[in-house]
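Quick notes on the structure that follows.
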Amino acid sequence: ISSFPPFKFQNQKQILEQHNEIRRSVHPTARNMLKMVWSEKTAKNAQKWADKCEMKISPRDQRVINGVTCGENVLLSSYPRTWAEAIQVWYSQSSNFKYGHGATAKNVNIENYTQLIWYNSYQIGCAVAYCPKNQFNYFYVCQYCPPGNNAMQIATPYKSGPKCADCPGHCDRGLCTNPCKYQDFFGNCRNLKILFSCNHSLVKEKCPATCRCTTQII
């Protein structure tokens, strides 16, 4: 098994630029869309999975990075596509998605696209492997941390409004540059903070993002 092609800096640059361009151009515009940055640790983890040539999404427990389960997009190809082409395949699902509504029809896939535009998935790492024994020889993997595609929120992968409205002073051409570096372990931390305050041991322990990130994008 060998990684293919050699993972050069221009691949990283292309992957990042294309993701951020897609994130900048969402409609309606996003008030809390974070700018993606490259994560070497995430890329190494993606490579580890790609090299197994399993040709499917990895088990959740194999994409835990810094204690956080990350999201993932994969693509199988019978020929060596550029990264631009691979990402375009995921992006093409945008035609099946309507903001505020979700999937526009039954049995259509939108989750590769919604992961691309999930507001707080700001760390990305990608890899590709050559898998000669498989029907599809090329296996592309991108992992995203924190993960997107929270089922309760799938129709609204970001908050709509004027670009960067939620991150004044931390904006790069429509994308926020102030991610929260902590991760909540509960989904209802905002309510817990209101009910008990962050002095409560449970809230302090399980809701570090909500408690510590008062101005950053969580």
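A Cβ is built for glycine as well, from the same backbone N, Cα and C atoms used for every other residue.
Here is what TrEMBL says about this protein:
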- 180-213: domain 'ShKT' (DOMAIN)
- C189-C207: disulfide bond (DISULFID)
- C198-C211: disulfide bond (DISULFID)
- prompt: List, by number or range, the same-chain residues at least 6 past the domain 'ShKT' (180-213) whose CB is under 8 A from its CB atoms?
  reply: 67-68, 120, 146, 150, 152
- request: Could you break down the residues of the domain 'ShKT' (180-213) into DSSP helix, strand and coil, giving a count for each?
  value: 19 helix, 0 strand, 15 coil
- request: For the domain 'ShKT' (180-213), would you mind checking the mean pLDDT of the predicted model?
  value: 94
- request: Give me the non-local Cβ neighbours of C198 (disulfide bond): same chain, 6+ apart in sequence, Cβ-Cβ under 8 Å, ordered along the sequence.
  value: K204, C207, T210, C211
Field: Residue, out of the disulfide-bonded residues C189, C207, C211, whose Cβ gathers the largest set of other Cβ atoms within 10 Å
entry: C207
